[in-house]
Amino acid sequence: MGPSPRTLELFYDVLSPYSWLGFEVLCRYRNIWNIKLQFRPTYIAGIMKDSGNKPPAMVPRKAQYMANDLRRLKEHFQVPLRFPKDFNSAVLEKGSLSAMRFLTAVNMEHPESLEKVSRELWMRIWSQNNNTAFPHCRFPVFATPFLLSVLLSQDEDIVESQSILAAAQKAGLSAEKAQGLLEKSSTAQVKNQLKETTEAACKYGAFGLPITVVHVDRQTHMLFGSDRMELLAYLLGEKWMGPVPPTLNAKL
């Protein structure tokens, strides 16, 4: 009998594309490393407010860098990222509160479905089709030709009830279960749980998402971002084989 799995907590929000990258990498490694992976749906706007931080897209140079960064990372991580065609509306205006409350309800009632529902919501906002020209798209006022050249998405909604229900059903939940979870997501119980999870992330020192919290050798380490996986492997005493480990490549 080997050592017990080490617990990893992934705090994430589907509004964050970097959260998606970290999410997929940890999903790939959970059967390679000796870990117990726990998904923690979190509200990124609450973390930004608590920490005094602001989204990178609100800083022009960071926004331009982010566009280029995601274009590179989608190839490196093999995650089909596409920049939203209406970035202001999808990310800066609508936000993710409804989606994260729904995922909190899923985690409370049907945790076995959390991974697939989370992925479907990411797909709706960050990855739909391969169109590269949308002549009527709206972008941040500081958008440059370089930013506009990034591959774009269909930009489906993650706020409206029907869109959330569609994502849940595509993930395998029945229409009846999805509707029940949608109703539960507006209850005080779910709202409080999402608030508590967000506060827990803040107590760990979060100033954005994703954060991965690793509990090993009676110590707790908080790692920010999707680019700390090699350090995570070091802390776990595991081998880092890149964002797409060879054992997974063999199955592709």
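Heads up, the Cβ atoms here are built off N, Cα and C, so glycines get one too.
TrEMBL has this to say about the protein:
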- Ser16: active site, nucleophile (ACT_SITE)
- 7-131: domain 'DSBA-like thioredoxin' (DOMAIN)
- 150-236: domain 'DSBA-like thioredoxin' (DOMAIN)
How many helix, strand and coil residues does the domain 'DSBA-like thioredoxin' (7-131) contain under DSSP?
77 helix, 14 strand, 34 coil
Relative to the Cβ position of Ser16 (active site, nucleophile), how many further Cβ atoms are located within 10 Å?
23
